[in-house]
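What TrEMBL records for Glu312, His342 is Fe cation binding site. Summarising the annotation, TrEMBL assigns homogentisate binding site to Tyr321, His342. Annotation source TrEMBL lists domain 'Homogentisate 1,2-dioxygenase N-terminal' at 2-276. Taken from TrEMBL, the feature domain 'Homogentisate 1,2-dioxygenase C-terminal' applies to 307-384.
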Amino acid sequence: MAYMSGFGNEFSSEDPRCPGALPEGQNSPQVCPYGLYAEQLSGSAFTCPRPANKRSWLYRILPSVKHKPFIAAPCGDLTENWNEVEPDPNQLRWLPFSIPTPTKKKVDFATGLHTICGAGDAKSRNGIGVHIYTCNASMVDMCFNNSDGDFLIVPQQGEILITTEFGKMLVEPNEICVIQQGMRFSVDVFGATRGYILEVYGAHFELPDLGPIGGNGLANPRDFQCPVAWYEDRHVAAGYTIINKYQGKLFACQQDFSPFNVVAWHGNYTPYKYNLTNFMVINLAFYFPLQPPAWPALELPLLFALGNCMSEFMGLIKGHYEAKEEGFQPGGASLHSIMTPHGPDVDCFEKNSRAELKPERVAEGTMAFMFESSFSMAVTKSCAAGIQVNRLQRPRRYFRAAITTKE
C-alpha cells in the first residue's frame, strides 16, 4: 500500500485513474477538472498564523453536503459522562477487554466502542476521552465521523484497514494512526480485533521539541505516513450511513453514495500513521550499527515509585511489562490517578533489588504505551465493574527501611 512521508507536510495527491484532477493555480476554480466539487476541510481557524493553520482541499464526485438530516443514534458504552461513578484515587487495573464472539453477535468498529475514562467535555473543546474498541466485523456501507476531536488509534490485536476520504491505511499492532477531527473513515477487520483510542477535544497532536536531545531522536517526522488519493464512485441504493459523534453523542444520516469519492486532494490536514518500532527513545545513536554483544542496555534497575501531577493510562500491546507483570496483560489497561503513589510491584522490586548489576536487555518483545494527561480522569460506569485490585495495594509484603532514630 502506497503512502507519502512526513508530519504536517503540504501534501498533494490524485488518483492515477484521473490524471490532472488537481486544479492548477487555484483551490476552487469556476469549473474543477472532471466537473468535481471543491471542498475545504479545516482543522483550525481560517485566520490562524501560518505555522498553526491546518486545512486541506478535497475534490469530490458529489459534495458531502448531499445527505439526509441527522437523527439521534444509540451510543452504547460511548460516553463523556464523567459523573456516573464516585471518584476513586486508587491504582486501577483492567484485565484484557473481551472481544465478542462472531457466532453470537457481529460487532463492527462503531458499535464496539467503549469509553474507559476521561475528563472535560467536547462542547467547550477542552478535555480527553480514553476508549477501547473490540469488534469482529467490518463496517459495511457505513463510516464514522468525529466532530468532537481527534482519534489516536492503537491496534492491539488484529490489523485494521482504514478507508478515509484521503485514501487507505493498513494499520497493524505496533503501529498507531491518527484520524483528525471531521474526517470520515470506515474500518475493515480480519477477525477478532481490539485496540485503544485516545480522543482529544481541544487541540491536534504535535511532535514535542527535542531540547537537549539535539537535532535527532524520538519520533522522526519522515517516519510518519499519509495515504495517497483513492476513490470509489459507488451508488448505494439501500443507503449509506454516516455516524457522527457530536457533543459526546452519536447521530446518523443517510445518503445514496459512498463518501470516499475524493479523486484528488492537497493540504496539510490529513490522517496519518506511524510504526512504533521507529521510535527513538534517546537519540540517533540508538540506530548506529552495533556489533554483538553490544546493545542498548540498562545497568541499573528501575526501582523507584512516584506520585505526580499527571494521570497515567497505560496499555500493553504485546509482551510483559516488568514493573507489573501479574494482571497487566496485552489488551488490558491500568490507570494511575493524579498524585496517587505508584511504581513497580512487589515481585519486581524484590527481584531487582537483589539482581547482579550488569548490562541486560530490557523489555525485549514488549510494547507498552502511556496516555499521560494533566486532566484528572474519571472512570465510566460501564468500565468500573471490570476494575482489578492493583498489587500495590498489598503493603504487608513490603519491609520497613532499616533506620534507627537516635534520641
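Even glycines carry a Cβ here, placed using N, Cα and C.
Across the range of the domain 'Homogentisate 1,2-dioxygenase C-terminal' (307-384), the DSSP-based residue counts are 16 helix, 23 strand, 39 coil. Taking a C-beta cut-off of under 8 angstroms and a sequence separation of 6 or more, Tyr321 (homogentisate binding site) has the following same-chain neighbours: Met314, Phe328, Ala363, Thr366, Ala368.
Taking all protein chains in view, 19 other C-beta atoms sit within 10 angstroms of the C-beta of Glu312 (Fe cation binding site). Here the Cβ of His342 (Fe cation binding site) has 21 other Cβ atoms within 10 Å, regardless of which shown protein chain they belong to. Model confidence over the domain 'Homogentisate 1,2-dioxygenase C-terminal' (307-384) stands at 84, taken as the mean pLDDT rounded to a whole number.
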